[in-house]
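Would you mind keeping the following structure in view while I ask a few things?
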Amino acid sequence: MGIKTALPRTELYLYTAVLALALGWAGSWIIEASSENVNRKSFKDSIKPGWHYFGRKMDVTDFEWAMWFTTFRNHILFALAGHVIFAKICSMISPKIGVVGGKHRSLIYMLYGCLTVLIIMGWTYISLILSHCIVLYSVALIKRKWLCFVAGLTSLATFKMEPFVSWQAGFVTGTFQLQDILFYGGCGFSIMRCMSFALENCEKKDGSYSFMDLIKYNFYLPFFFFGPIMTFDQFHVQANDPNLTRKPREMWNITVHALVHLGAILVVDVFFHFLYILTIPSDMKLVKDLSDWSLAGLAYSNLVYDWVKAAVMFGVINTVSRLDHLDPPQPPKCITMLYVFAETHFDRGINDWLCKYVYDYIGGNHDGIFKELVATICTFAVTTLWLGPCELVYIWSFFNCFGLNFELWVAKLFSLPPLSTIEGIMSEAMSRRIRGLFNAVNFWQIILYNVLALNSLDFAKLVAKRLLFKGFPLSTLSVLFVTYCGIQLIKERERKLALLEEPEPEPVKPKTE
């Protein structure tokens with residue numbers, strides 16, 4: 001079936017109406033549950049005073065969001081603004097002292113990054129990071145990929161598994177509230193960057209990159225603590241490019257993106273005053289009393305929120321890096337637009353890293369079932385270590401690994417006769433509808449397999465039980481139909497984008513005799 005297959009406009013209008021009504025209905029159930037249980041005893045620690053004049057309280061369950069946009073907002077903005085100002089001042093002063101700023105801006109970024117990390121975390125933290133950098137740089141000089149992987153994953157494991165992580169954390173003094181997050185974030189991302197450096201050094205034909213190249217790459221402040229990860233080959237080329245001219249309307253686009261992120265922050269703030277989507281799933285007694293539609297809406301909204309959070313946080317960082325003339329990893333694809341496991345991710349930087357060095361490297365063109373199985377197992381093994389080995393992560397990795405392979409198995413099955421023959425007889429529109437049904441089931445697999453990592457295993461099991469068994473057939477089929485409507489609208493959007501990207505046919509030249 002071609003991606004450019006269209007459906008009748010009236011059919012798409014029907015899908016739009018059904019989806020809008022269903023989302024509004026599910027949202028009303030969640031608003032009602034939030035308002036009626038705002039003073040519930042189990043909500044005491046997670047629902048705090050919000051808009052006093054409107055009498056609304058706010059869901060503050062997510063510490064990461066609160067850290068970025070309420071509690072430590074000014075500190076983070078001060079550090080990022082200082083990075084931009086420091087780089088600008090150095091670029092203005094450097095020509096006057098005979099230094100070409102464009103050629104040395106990666107050094108300028110490194111100096112500010114090292115100084116900021118030193119002030120925030122102390123010299124022992126810097127020393128700890130540098131010790132891992134030295135070890136992995138030494139391994140990189142050998143130019144053996146397998147050895148780089150072993151050394152890198154071993155270093156990463158020391159920050160994810162006891163007793164090594166407690167031993168290393170003991171070197172860092174201080175008791176401020178953000179210390180743990182900054183410690184684990186900075187160390188984890190540093191190891192992934194060092195591994196990227198080592199693997200790219202293996203590909204370098206002439207000589208090796210210098211240790212200073214690694215330090216410049218690792219201590220770029222906007223990416224240091226929270227990511228995203230740019231692979232070393234991309235960062236090295238972009239950060240050392242002396243050409244600092246901007247594309248037409250680039251600053252306008254940067255400004256627009258910054259305003260969009262600001263608008264998203266305000267929208268999330270409004271939602272947190274009316275929809276307690278993060279607090280409600282933590283109270284299983286309350287969740288069991290909710291309707292099937294409320295549970296489906298809660299599960300879906302939790303994934304949408306996590307995507308919005310990732311898009312906004314990475315968007316803020318990416319805005320700063322774009323001011324530095326870098327092209328950072330794009331925000332993750334909206335969870336609403338996903339109906340295949342192959343495109344599901346919440347951190348595009350980590351996803352690009354895993355695809356380049358593990359998934360695509362092992363899987364090749366991803367046509368072979370066995371190679372794909374090995375590639376996905378290795379990818380999720382590294383992901384499990386990155387997230388921190390525990391029972392919940394093991395379950396999440398297993399189901400997502402299974403989902404990715406199951407897609408390939410189903411695609412292979414439908415490419416064989418008689419199924420391929422049957423599809424060939426159908427009209428393209430009917431083929432799109434049937435595929436939409438399978439995509440709707442896949443969409444809910446993605447939600448259920450990922451919501452267990454965002455909330456809890458008990459909540460995911462309850463949602464699955466209610467939608468698949470207790471709610472069958474009415475709730476099950478109605479939720480799948482609404483999802484099917486959404487899938488067809490997504491496919492319609494993809495169809496229009498494909499038509500826009502299609503190159504115009506070249507005019508036929510008249511024959512000359």
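Here the Cβ of each residue, glycine as well, is placed from N, Cα and C on the backbone.
All TrEMBL annotations are machine predictions without curation.
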Among the residue ranges 143-161, 219-237, 390-408, I'd like the one that TrEMBL describes as transmembrane segment.
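Among 143-161, 219-237, 390-408, the range TrEMBL annotates as transmembrane segment is 219-237.
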Tally Cβ pairs under 8 Å between the transmembrane segment (219-237) and each listed stretch (65-86, 257-278, 436-455), then give the stretch with the top tally.
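The stretch with the most close Cβ contacts to the transmembrane segment (219-237) is 65-86.
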Hey, which of 12-31, 65-86, 107-137, 467-487 has the most Cβ-Cβ pairs under 8 Å against the transmembrane segment (257-278)?
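Between the candidates 12-31, 65-86, 107-137, 467-487, the best contact partner of the transmembrane segment (257-278) is 12-31.
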Does the transmembrane segment (467-487) reach the transmembrane segment (107-137), going by 3 or more CB pairs under 8 Å (6 or more apart in sequence)?
no
Any residues 6+ beyond the ends of the transmembrane segment (107-137) with a Cβ under 8 Å from its own?
79, 82-83, 86-87, 90-91, 94, 101, 148, 151-152, 155, 168, 171-174, 179, 182-183, 186-187, 190-191, 194-195, 197-198, 211, 214-216, 218-221, 224, 239, 324
